[in-house]
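Everything on this sheet refers to the single structure shown next.
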Amino acid sequence: MPKDSSLQSILLIGSGRSSSAKAAEFDYSGTQACIAFKEEGYRVILVNNNPATIMTDDVHADAVYFEPLTVEAVEAIIAKETPDGLLATFGGQTGLNLAFQLHEAGVLKKYGVRLLGTPIEAIKRPRGGPRTFRALMHELGEPVPESEIVTSVEEAVAFAEQIGFPIIIRPAYTLGGTGGGIAENMEQFLALVEKGLNESPIHQCLIERSVAGFKEIEYEVMRDQSNTCITVCNMENVDPVGIHTGDSIVVAPSQTLTDEEYQMLRSSAVKIISALGIIGGCNIQFALDPNSKQYYLIEVNPRVSRSSALASKATGYPIAALPAKLAVGYTLAELVNPVTKTTYASFEPALDYVVVKFPRLPFDKFPHADRKLGTQMKATGEVMAIDRNMERAFQKAVQSLEGKNNGLLLPELSVKTNDELKQLLVDKDDRRFFAILELLRRGVAVEAIHKWTKIDRFFLCSFERLVALEKQAAAATLDTIEEQTFRFLKEKGCSDAFLAETWGVTELDVRNKRKELGIVPSYKMVDTCAAEFHSETDYYYSTYFGEDERKQPSGKEKVLIIGAGPIRIGQGIEFDYSSVHSVFALQKEGYETVMINNNPETVSTDFAVADRLYFEPLTLESVLDVIEAEQIKHVIVQFGGQTAINLVKGLEEAGVPLLGVTYDMIDQLEDRDRFYQLLEELDIPHVPGLVANNAEELAAKAAEIGYPVLLRPSYVIGGCGMFIVHSEAQLAALIEQGELTYPILIDAYLDGKEAEADIVTDGTDIVLPVIIEHVEKAGVHSGDSYAWLPAQTLTGEEKAKIIDYAGRIAKKLGFKGIMNIQYVIADGNVYVLEVNPRASRTVPIVSKTTGVPLAQIATKLLLGKSLVDIVDEKARGLAVMPYAVLKYPVFSTHKLPGVDPMVGPEMKSTGEGISIAATKEEAAYKAFYPYLQKKANANEVYVIGNIDAELEAEMTAKQLTIVADVPFSDWVKRDTALAVIDLGKEEGEANKRMTALSRQLLVFTERETLKLFLQALDVDHLDVQPIHGWLEKKKQAEQAVIA
């Protein structure tokens, strides 16, 4: 059928701010949906308050609203834009929840807006109405675990007594299993039910008989309005049911199912999507008894999901773009597969390789957090690897995680006893994969490990072969290794770095020997059809099996962009934004773009973005292999975060030409002695600081500087390993804990304002469009700070110094491209804290709110252009912004028991949000609005320690009740509880802060953040405005200044 001509405009709901369980996958799918709608001539209206996304670029939508994802805000947008249709399935659970709320509030009916794709009943049944959903499944003959929906602890207990333990608790309308878990006894059950009811936006939980230990199988299914259904991909979780699929190792296609089991579950998936009437994509999860053919349906996600992005990248099938086309009337048989350009979308993908996904968990940041995995997702991101055999796919996935180990050995586990390792498996610890390998090294039988983990023996035997590879490598040396053995080790995924470590030589030695023997990878194509048809895509993975399948290059000059790898705390979706914009700029300049990355969630790994895409680990070996295979002469590292920067030294030593930066330049900025020397040469003030190489030096030099001091390592991102130390005793305790790495930098801690700026430079001139001022004082990581664009309280003199110092640094270094500089303003001086010779996490928000495309300008400068050629001189100064932009952090620490929500120098946030308004107060209101709306009847704040009279008076004036004399354990359960205030940051009160967070209360440990919140309480309305409206006001203001 042709597209629906009754639609002229479509409102797309984004997924909002990134968090654990909600990362870049929704940016990828949402971007594809916007492009698909624009291709069909529809006017696209987008609401999404995540500034780091590609989808919120004005080229992808006709009107972009950075507004809260609430009924009130979206209704205002609908009234203003009058869309004909609304699509929520690309906004994750956030989008579905909001669509349901708009329907229930009568907003869609009032304005005549049609819900596209997933019908409202399909949204309600799997999540909001388990009774009706279960009835439908029984009608279809589809087995579901015995379950009951409850709205109170009492109802839950009554059902638990009927079915017995273990029991799974699933809160309704949440994402990533938030608030849920498996209870083995009544004590655990009561805690999880109470938490789950609190997390659910409709105060409901599904209480379900546990099928933990069964195989977990997923199907990505697609359906059109003619009821044509296909399965795009089926995936098997290595971990059995009981660990959230987002935290599990996943392989595609499934490896342990018989054909009968595969077809049985496929038929079930098709039957379910048809019965629900879903138009578009759907993720369906099953639990399969490993000892019989009994299965249960455990979850239906009637939307694009994290698994959808994985399935899309695993198969090459455009799983996001096609559902958008289906939603407006097309059928699968009418849509051509853009990969082959000859087959149709109704043709099911086929794989002639294996894909392995590993989760990226945050415990390197939070080693003291509860590392046990369950039904609530904790991962911040993931990596994907492709190869022709299971062992190499596993090894490539581990290499992509960027851990400190070159192979599969975790040193921290090698000192544990067998019983301790077994306990890690029983507890479902995040290190269980490495614990299994350690037990196998010690000769523990596969059968015993299977008994403890319920992981299929097929996978355990594959792990056993990985251990055998280690022994085989250790039995040789670089001089004695036979070609056949060497080739076998490479075929099975042993990295050059691992072999170098094993043989006591350098990685370059191994590489040279390997090339001398002609052992080099070939590159195979991801084509959706297992080479059955000709493919038009340049989407590749490396393997040591078979012939090279790469197409002939275009003849254009090539540039390689190194991506940022998996999303993690400190390095998120913002870096993908910069990478993609660099690709766009290069293509406009006539270059052939080559992207290397390993993150299946991102836009940068969409095969339609760069001219050639390589899905590979971001290791020196893999990057050099691609450079040599493609004969690349230009490499960009500035947009790949610390991942790419850490490769600079090795690439330079290998003779690779890097654009805009050298290792010496980076070292000059990271080595504190050299950095301070640079600043002194330029007459730029810096914070007093010293370097310590051991514990004795650290204690002496900290005393020399005087407390408080800030400790930080070099070459890190996200403030990893940073501490503020207030006393000699606190330092002694840190040294005793053994958590410090040397050499370590010791800076005097200045209690002042913090600011930062992103600049682009050609080595002579700079463009610095806006100064960002942090709300909190220095000492809170920039990624965890609320921040104003433009700066709100800096004087003209302070701004002039910030710009002047940036210009001096850029010119002295001869730096080209983009950099981020951080400052502290204290005692009447402007100090330079640090310079990052790369794109920062603030590039997207600066680019979008000023209209200055920093990443694209920087790319052109890297190619040799000057600012004079690109940016008009009048546009090089600070932007005139007649509006207030507030960047605010998003934390997922409530999903990580044991993590204190107190902010400090080490970054903890997993994402960011944006609010734009005419005044600071309204911008603050928009930032806190979803919380204030949820806690509309709450007015009590619990104070730990003391607060000053000024704050007390202000809170009283805002009609907040201050509580300090009620037992905390009683108060925190009240419906009137709003926030906990602990400005003294009492060390002994961490449990109260964590408990408050688990109850979804605000926790304030910084006076400035609390003041911002109080400002927000003065506002009671929302004014919605698209970004182009704000930029038009900016243009008018700048013209008025010129006039």
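Note: Cβ is positioned from N, Cα and C throughout, glycine not excepted.
The annotation ATP 1 binding site is assigned in Swiss-Prot to Arg170, Gly176, Gly177, Arg209, Val211, Glu216, Gly242, Ile243, His244, Gln285, Glu299 on the grounds of sequence analysis. Counted within 10 Å of its Cβ, the other Cβ atoms near Arg170 (ATP 1 binding site) come to 26, all protein chains included.
Positions annotated as Mg(2+) 1 binding site by Swiss-Prot: Gln285, Glu299.
Packing around Gln285 (Mg(2+) 1 binding site) is summarised by its Cβ count: 21 other Cβ atoms lie within 10 angstroms of its Cβ, all protein chains included. Look at Gln285 (Mg(2+) 1 binding site): DSSP puts it in a strand. Annotation comment: Swiss-Prot describes Gln285, Glu299 as Mn(2+) 1 binding site.
Taken from Swiss-Prot, the feature Mn(2+) 2 binding site covers Glu299, Asn301.
Feature annotation from Swiss-Prot assigns Mg(2+) 2 binding site to Glu299, Asn301; the stated evidence is sequence analysis.
Per Swiss-Prot, ATP 2 binding site is recorded for Arg712, Ala748, Leu750, Glu754, Gly779, Val780, His781, Ser782, Gln822, Glu834.
Swiss-Prot lists Gln822, Glu834 with the feature Mg(2+) 3 binding site, giving sequence analysis as the kind of evidence. When secondary structure is read from DSSP and collapsed to three states, Gln822 (ATP 2 binding site) falls in the strand class.
The annotation Mn(2+) 3 binding site is assigned in Swiss-Prot to Gln822, Glu834. Contacts of Glu834 (Mg(2+) 3 binding site) defined by a Cβ separation under 8 A and a same-chain sequence distance of 6+ are given as Leu669, Phe675, Ile821, Gln822, in order along the sequence.
In the three-state DSSP scheme, Glu834 (Mg(2+) 3 binding site) falls into the strand class. The feature Mn(2+) 4 binding site is assigned by Swiss-Prot to Glu834, Asn836, with sequence analysis given as support.
Within the same chain, residues at least 6 positions away in sequence whose Cβ sits under 8 Å from that of Asn836 (Mn(2+) 4 binding site) are Leu669, Met819, Asn820, Ile821, Gln822. The Mg(2+) 4 binding site annotation in Swiss-Prot covers Glu834, Asn836 and is backed by sequence analysis.
Residues or ranges marked as domain 'ATP-grasp 2' in Swiss-Prot (evidence: sequence analysis): 676-863.
The region 'Carboxyphosphate synthetic domain' annotation in Swiss-Prot covers 1-402. Summarised as a single figure, the pLDDT of the region 'Carboxyphosphate synthetic domain' (1-402) averages 90.
Summarising the annotation, Swiss-Prot assigns region 'Oligomerization domain' to 403-550 (among others). DSSP places the residues of the region 'Oligomerization domain' (403-550) in helix, strand and coil in these numbers: 76 helix, 11 strand, 61 coil.
Positions annotated as region 'Oligomerization domain' by Swiss-Prot, on the basis of sequence analysis: 403-549 (among others).
The region 'Carbamoyl phosphate synthetic domain' annotation in Swiss-Prot covers 550-932 (among others), and the record cites sequence analysis as its basis.
What Swiss-Prot lists as region 'Carbamoyl phosphate synthetic domain' is 551-932 (among others).
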Query = If you measure His244 (ATP 1 binding site) to Gly779 (ATP 2 binding site) at Cα, how many Å is it?
reply = 35
Note = Looking only at the binding-site residues Gly242, Gln285, Glu299, His781 (ATP 2 binding site) has its closest CA neighbour at Gly242
Message = Measuring Cα to Cα across Arg712, Ala748, Leu750, Glu754, Gly779, Val780, His781, Ser782, Gln822, Glu834, which the record gives as the ATP 2 binders, how far apart are the two most distant ones in Å?
response = 18
Remark   = Sparsest Cβ environment (other Cβ within 10 Å) among binding-site residues Gly242, Gly779 belongs to Gly779
Inquiry  = Taking the Cα of Gln285 (Mg(2+) 1 binding site) as the centre, which of the binding-site residues listed as Val211, Gly242, Glu299, Asn301, Leu750, Gly779 lie within 10 Å of it?
reply    = Glu299, Asn301
Task = Go through the binding-site residues Asn301, Arg712, Leu750, Gly779 and tell me which ones have a CA within 10 A of the CA of Arg170 (ATP 1 binding site).
result = none
Inquiry  = Please count the residues of the region 'Allosteric domain' (933-1043) that DSSP assigns to helix (H, G, I), strand (E, B) and coil.
reply    = 53 helix, 15 strand, 43 coil
Ask   = In sequence order, which same-chain residues at least six apart have a C-beta under 8 angstroms from Val211 (ATP 1 binding site)?
value = Pro145, Ile168, Val241, Ala287, Tyr296, Ile298
